[in-house]
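Marked as NADP(+) binding site by TrEMBL: Gly166, Ala167, Ser168, Ile232. Residues annotated as domain 'Tetrahydrofolate dehydrogenase/cyclohydrolase catalytic' in TrEMBL: 6-121. The domain 'Tetrahydrofolate dehydrogenase/cyclohydrolase NAD(P)-binding' annotation in TrEMBL covers 140-282.
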Amino acid sequence: MPAIIIDGNKIAEKLQLKILKKINQRKKDGKKIPGLAMILVGNHIPSQIYVNKKRIACKNVGFFSECWHFPDYVNEIEILNLINQLNNDKNIDGILVQLPLPKHINHLKILSNITPDKDVDGFHPYNTGSLCQRTPKLRACTPKGIITMLKYNNIKTHGLHAVMVGASNIVGRPMSLELLLAGCTTTVTHRFTRNLKNHVKSADLLIVAVGKAHFLKGKWIKNGSIVIDVGINRLHNGEIVGDVDFKNAYLRASYITPVPGGVGPITVATLLQNTLEACENHHDII
């Protein structure tokens with residue numbers, strides 16, 4: 001039986017509507033409106049598209065947002081100086097640095113200089129480390145969003161064997177911790193993993209984030225598994241596809257996310273959630 005397609009756009013719309021209601025109430029109560037600062041470096045077209053989507057999302061829910069766009073030859077010090085300024089700006093509740101950065105810029109140094117309680121992407125070492133103790137100030141957007149997707153579809157994760165294909169700092173590693181905290185028995189695969197096919201075949205819940213079009217074959221997937229495709233890749237003909245062979249995986253999975261329209265919209269909505277949470281923590285808690 002074909003899989004149920006998890007519509008990320010619909011879930012994101014519901015999340016944004018909840019945020020909009022909270023913002024309208026904040027306005028009535030005379031409370032501060034969340035402010036998001038975005039830093040973009042260079043002319044990487046996908047990054048420009050992502051930042052624009054985030055700006056539109058902020059506008060739709062009534063947030064204040066501002067973007068600083070640097071040329072790709074910018075000095076690292078200039079970015080660090082801006083981050084220091086934004087860390088101390090009471091109008092700004094969240095700071096986002098759009099990745100990837102040019103090779104001459106140390107992205108770990110940049111991300112580590114964002115104060116953890118304004119790190120709305122959840123990439124600061126404090127937040128990634130604190131996730132192990134269930135105490136991050138803010139959680140990474142994509143992993144947090146995926147857990148939200150599962151909850152919205154009433155998918156019970158306790159006891160599932162979850163396989164995370166990909167071990168990046170942005171998705172794979174924080175996602176593996178989220179899965180552990182969600183009660184899964186978790187396997188993480190990476191470029192040195194042997195017999196990937198066998199790991200995939202054993203997965204009740206499969207999350208794929210490797211950045212390679214149709215990398216994971218649909219025939220590898222166990223019947224009835226839940227498939228979350230984080231990848232987004234553009235083919236030569238312009239078509240946007242994920243890391244999973246959707247056509248064949250769709251026939252075997254019980255639930256599956258499409259690309260586009262799956263994880264992407266949820267990630268943006270989760271960024272808004274994190275920014276609102278940061279604002280509440282900065283201004284509402286006495």
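Indices start at 1 and increase along the chain as displayed.
Yeah, the Cβs are placed from backbone N, Cα and C, and that goes for glycine too.
Keep in mind that TrEMBL annotations are predicted by a computer and have not been checked by a curator.
Here the features listed in TrEMBL are painted onto the structure.
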residue : record               : Cβ within 10 Å
Gly166  : NADP(+) binding site : 24
Ala167  : NADP(+) binding site : 18
Ser168  : NADP(+) binding site : 15
Ile232  : NADP(+) binding site : 19
Notebook entry, point to check: At its widest, how many Å does the recorded NADP(+) site span between Cα atoms of Gly166, Ala167, Ser168, Ile232?
Noted result: 16
Check: When the domain 'Tetrahydrofolate dehydrogenase/cyclohydrolase catalytic' (6-121) is classified with DSSP, how many of its residues are helical, how many are strand and how many are coil?
Finding: 59 helix, 19 strand, 38 coil
